[in-house]
Amino acid sequence: MAENNQNAAAGKAPAKPKPAAPGAAKPAAPGAAKPAAGAAKPAAPGAAKPAASAGGGVYKPPVDRPDSNPYKDSKQSALASWFQERFYVMIPVIDYLKKKEVPQHRLSFWYYFGGLTLFFFIIQVVTGLLLLQYYKPTGAEAFTSFVFIQKEVPFGWLIRQVHAWSANLMIGMAFIHMFSTFFMKSYRKPRELMWVSGFVLLVLSLGFGFTGYLLPWNELAFFATQVGTEVPKVMPGGALLVDILRGGKDVSPETLTRMFSLHVVLLPGLLLLMLSAHLMLVQVLGTSSPIGYKEAGLIKGYEKFFPTFLAKDAIGWLIGFGLLVYLAVMFPWEIGVQADPLGSAPVGIKPEWYFWAQFQLLKDFTFEGGELLAIVLFTVGAILWILVPFLDRQASREQRSPIFTILGLLVIAFLVINTYRVYAEYSQL
Ligand code: HEM
Ligand code: HEM
């Protein structure tokens with residue numbers, strides 16, 4: 001059972017003036033309300049309506065909200081009462097959120113990374129919307145508008161640098177968050193769907209990174225996208241997929257339009273939907289603690305998510321923000337030169353770091369059919385990874401599952417070694 005539910009009773013929110021019992025607050029059932037509404041409020045504008053419609057046999061509900069403000073006697077400012085009267089249906093929801101508790105133990109530190117990923121995503125939305133005010137997604141204007149943002153718009157350089165750096169930090173945090181939840185086996189029953197929705201979030205974030213990379217329309221972005229979108233061609237039906245993605249046979253201004261619409265419309269919509277599901281599950285099921293910790297007495301206590309843990313989260317966000325601004329100012333991403341579809345590719349074309357592991361695998365499998373094999377291996381690996389909560393039956397029975405811990409270590413080793421190999425090779429070019 002979810003832990004927060006178990007502990008909820010211990011930490012009840014301070015009593016509020018309770019609304020009258022539902023039955024008492026509401027008028028009688030719709031059918032019965034017709035004569036009653038008229039009798040109770042003869043002068044109210046809505047009162048005439050049920051009577052007027054009665055002849056036609058169609059019931060019209062009263063215009064006024066039937067129940068009066070159940071909180072009108074609580075002691076608070078007029079402004080708070082104003083909002084409370086309008087949003088009082090939210091109060092049980094807020095009370096419910098207050099029940100969530102976070103276990104404290106020696107691995108609690110890792111609970112901060114989901115929140116940090118969320119924080120960098122919020123930064124992306126805010127800076128992305130600001131960039132949109134000046135960015136022009138056409139082959140003729142993209143690079144010029146991008147340079148204009150960097151050189152002419154007041155603080156435009158900072159917004160662009162923050163967007164570019166925060167994209168990297170968001171994906172970096174998502175990886176750390178994924179592996180920390182993996183090793184704490186937070187995916188175990190009943191949290192399987194948190195893992196699945198999280199994995200989809202990671203894929204969408206990588207999609208953001210891929211589509212955003214082309215938007216500056218500089219040489220590096222152009223040729224990296226050319227190489228990146230070539231990959232699916234070796235799969236059956238892959239050529240069609242590439243045509244759809246590119247909007248033609250080659251990367252062209254048409255591709256820019258597609259990447260742009262994916263980046264600012266489709267992906268944000270999908271990510272927000274998935275994020276709502278992910279966070280709702282986090283609230284409903286609560287935060288897990290590692291297997292065996294409760295039985296071994298390793299849980300030091302529980303702290304309220306709201307406001308205690310959230311306040312600590314905020315400290316993490318402040319540190320993250322400081323790091324972000326430091327990176328954006330001290331290590332600016334280059335502007336590059338405008339993409340020339342007819343020009344030749346410069347040396348050292350490579351994707352963003354978060355695709356290096358797959359990139360290296362493709363480079364290693366140079367034999368006949370090797371690329372297809374690499375894609376198949378990677379797809380099978382990803383499917384197994386997403387199914388981990390359903391495969392790890394031991395963890396779901398609250399038993400340790402060292403085989404899965406070893407599997408996670410192997411996946412990390414593969415990602416780190418391959419990523420390092422690309423770094424080592426390309427940093428010498
Ligand atoms: C609603 C949210 C977002 C909007 C409206 C948005 C908008 C934009 C715009 C207009 C650009 C082109 C300007 C430029 O290149 O500097 C851009 C670039 C970019 N975006 Fe986003 N973005 C959003 C979210 C994200 C997210 C979540 C990520 C990554 C996880 C991301 C990664 C990137 C990257 C890597 C670039 C290229 C950065 C560069 O080299 O300048 N964006 N975005
Ligand atoms: C955009 C990306 C993501 C965001 C914004 C996000 C956000 C969050 C937040 C705020 C929490 C609650 C706090 C915490 O335990 O850290 C959480 C929990 C969780 N997330 Fe994510 N997440 C993302 C990606 C992922 C990924 C890639 C996975 C795994 C594949 C994942 C799996 C989980 C799990 C299993 C939990 C429950 C943790 C527990 O009960 O202890 N999430 N996520």
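Keep in mind that glycine also has a Cβ here, set from the backbone N, Cα and C atoms.
Positions annotated as region 'Disordered' by TrEMBL: 1-72.
Sequence annotations record features per position, and here TrEMBL assigns compositional bias 'Basic and acidic residues' to 62-72.
Per TrEMBL, domain 'Cytochrome b/b6 N-terminal region profile' is recorded for 79-291.
Under the heading transmembrane segment, TrEMBL lists 109-135 (among others).
Residues annotated as transmembrane segment in TrEMBL: 162-183 (among others). A Cβ distance under 8 Å defines the sequence-distant neighbours of the transmembrane segment (162-183), meaning residues of its chain 6+ beyond its ends; these are 110, 113-114, 116-117, 120-121, 123-124, 127-128, 131, 194-195, 198-199, 201-202, 205-206, 208-209, 212, 320, 323-325, 327-328, 331, 333, 352-354, 388, 404-405, 408, 412.
Per TrEMBL, transmembrane segment is recorded for 195-215 (among others). Using a Cβ-Cβ cut-off under 8 Å and counting only residues 6 or more beyond its ends in the same chain, the transmembrane segment (195-215) has close neighbours at 121, 124, 135, 137, 142, 146, 167, 170-171, 174-175, 177-178, 181, 186-187, 221-222, 224-225, 228, 251, 255-256, 259-260, 262-263, 267, 270-271, 274-275, 277-278, 281, 351-352, 354-355, 385-386, 388-389.
Long-range contacts of the transmembrane segment (260-281) within the same chain: residues 118, 121, 125, 128, 132, 137, 191, 193-194, 197-198, 200-201, 204-205, 207-208, 211-212, 215, each at least 6 residues beyond the stretch ends and with a Cβ under 8 Å from a Cβ of the stretch. The transmembrane segment annotation in TrEMBL covers 260-281 (among others).
Per TrEMBL, the feature domain 'Cytochrome b/b6 C-terminal region profile' maps to 295-429. Each residue in the domain 'Cytochrome b/b6 C-terminal region profile' (295-429) gets a DSSP state, and the totals come to 88 helix, 5 strand, 42 coil.
Sequence annotations record features per position, and here TrEMBL assigns transmembrane segment to 314-333 (among others).
Sequence-remote contacts of a segment are chain residues at least 6 beyond its ends whose Cβ falls under 8 Å from one of its Cβ atoms, and for the transmembrane segment (372-391) they are 182, 187-189, 191-192, 195-196, 199, 231-232, 234-235, 358, 361-362, 364-365, 404, 411. Annotation comment: TrEMBL describes 372-391 (among others) as transmembrane segment.
The transmembrane segment feature in TrEMBL is assigned to 403-423 (among others). Within the chain, the transmembrane segment (403-423) has long-range Cβ neighbours (under 8 A, six or more residues past its boundaries) at 179, 182-183, 185, 350, 353, 356-361, 381, 385, 388, 391-392, 394-395.
Sequence-distant contacts of the transmembrane segment (314-333) (same chain, six or more residues past either end, CB-CB distance under 8 Å): 112, 115-116, 119-120, 123, 157-158, 160-162, 164-166, 169.
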